[in-house]
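One structure is given below, encoded as structure tokens.
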Amino acid sequence: MPLEENISSSKRKPGSRGGVSFFSYFTQELTHGYFMDQNDARYTERRERVYTFLKQPREIEKMMIYGLFLCLDVFLYVFTFLPLRVLFALLKLLSAPFCWFQRRSLLDPAQSCDLLKGVIFTSCVFCMSYIDTSIIYHLVRAQTLIKLYIIYNMLEVADRLFSSFGQDILDALFLTATESNRQKRESFRVLLHLILAVIYVFSHAVLVLFEATTLNVAFNSHNKVLLTIMMANNFVEIKGTVFKKYDKNNLFQISCSDIRERFHYFALMLVVLLRNMQQYSWNYEHFTEIIPNMLMLLSSECVVDWFKHAFVLKFNHIPIESYSEYRATLAYDVASSRHKDSINDHSDVVSRRLGFIPLPLAVLIFHVTRISIDFHGAAGFLVILVGYVILTLLKVFNSIVIVGKACCYISD
């Protein structure tokens, strides 16, 4: 065998016939070549891995941006069209009270769900009015650095657990309230599910408020050590993800979770910005001081997503074209939910796919905006009216964009 011949030749004495001199060895090290062209397939595959690694940020950001627009559309729906739909359902109830005596269902299932969403939102906003954010801020600020780091990690884990189970709670409520079999539609069961849904949305909103307050403390600390630790904590996510076995379906679930998480960070930044600007009397200098830290935190989240997905693709040999397929799947959900014969609401379809539940975030944003901005008097009413019009126009424009892009992505 060639290996045995090499071993036997290496045992020969330097002066024996066929021995290799020092000069011959030195010359061979200087002149021997690399024959990569004889093993072209292996090196071509490795080169493609490098290209995939470099192209991956661009491909994932295409899907991420489209997913963020979907989350924004669902989030704006709570503040724009949901109040109108709730108002329409209430007017329909009040206009025909005789239907109650005839035991006929006046509202269709969609209107019943809208009315329940309105009840949940108003109940949670009312409960949030009894929470003093300044007490929470000083309570969090009084903790030590290590304890805050642990608390923030616990809040992140709890937020993901709440998001994964919250949609099931809401779906159970809507199913119980709209079942076709009247014998099963007991008011007591609906009331129990409604109370459970209110408790969930309120608890999730308070949890996100604590998370935003922890970030607010990190931004306002003088040495910025806590903010640095929180940014470094994002890179720990790479270690817990890249060395596991995934297929295309698992990667799609991770991508949807990352979309929800990134939009969640945008919402947290909005809460921190409102509270800081209200605390410093809307000082522009403080605004310019806090914005770079926010951008730095969001940039670290993007970089972590790039590296995480890049190594998942590399270790699991998943083609980069998968992100186009994921984006097409999201686009198909949008297109199918907009169809006239669709049995699912657009916001519910997106919420189930991405794991994004807009009600807790909407309750929190509404509460923080209400306590941070003065809406009293005629000027406050005008601000509310103008803000509603702007949000509605933004919602309509965003819906047109995502539906138009959905047609393009499906046809590609």
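Each Cβ is built from the backbone N, Cα and C atoms, and glycine gets one as well.
TrEMBL annotations: computationally assigned, not manually curated.
Record features (TrEMBL):
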{"type": "TRANSMEM", "residues": "65-95", "note": "transmembrane segment"}
{"type": "TRANSMEM", "residues": "115-140", "note": "transmembrane segment"}
{"type": "TRANSMEM", "residues": "190-210", "note": "transmembrane segment"}
{"type": "TRANSMEM", "residues": "225-242", "note": "transmembrane segment"}
{"type": "TRANSMEM", "residues": "354-373", "note": "transmembrane segment"}
{"type": "TRANSMEM", "residues": "379-397", "note": "transmembrane segment"}
(request) Between the transmembrane segment (65-95) and the stretches 115-140, 190-210, 225-242, 354-373, 379-397, work out which stretch tops the count of Cβ pairs under 8 Å. (result) 354-373
(request) Given the cut-off of 8 Å on Cβ pairs that are 6 or more apart in sequence, determine whether the transmembrane segment (115-140) and the transmembrane segment (354-373) share at least 3 such pairs. (result) yes
(message) Which residues of the chain, 6 or more past the ends of the transmembrane segment (190-210), have a CB below 8 A from one of its CBs?
(response) 116, 119-121, 123-124, 127-128, 131, 133, 136, 140, 151, 155, 158-159, 162-163, 165-166, 169-170, 172-173, 176-177, 264, 267-268, 271, 357, 359-361, 363-364, 367-368
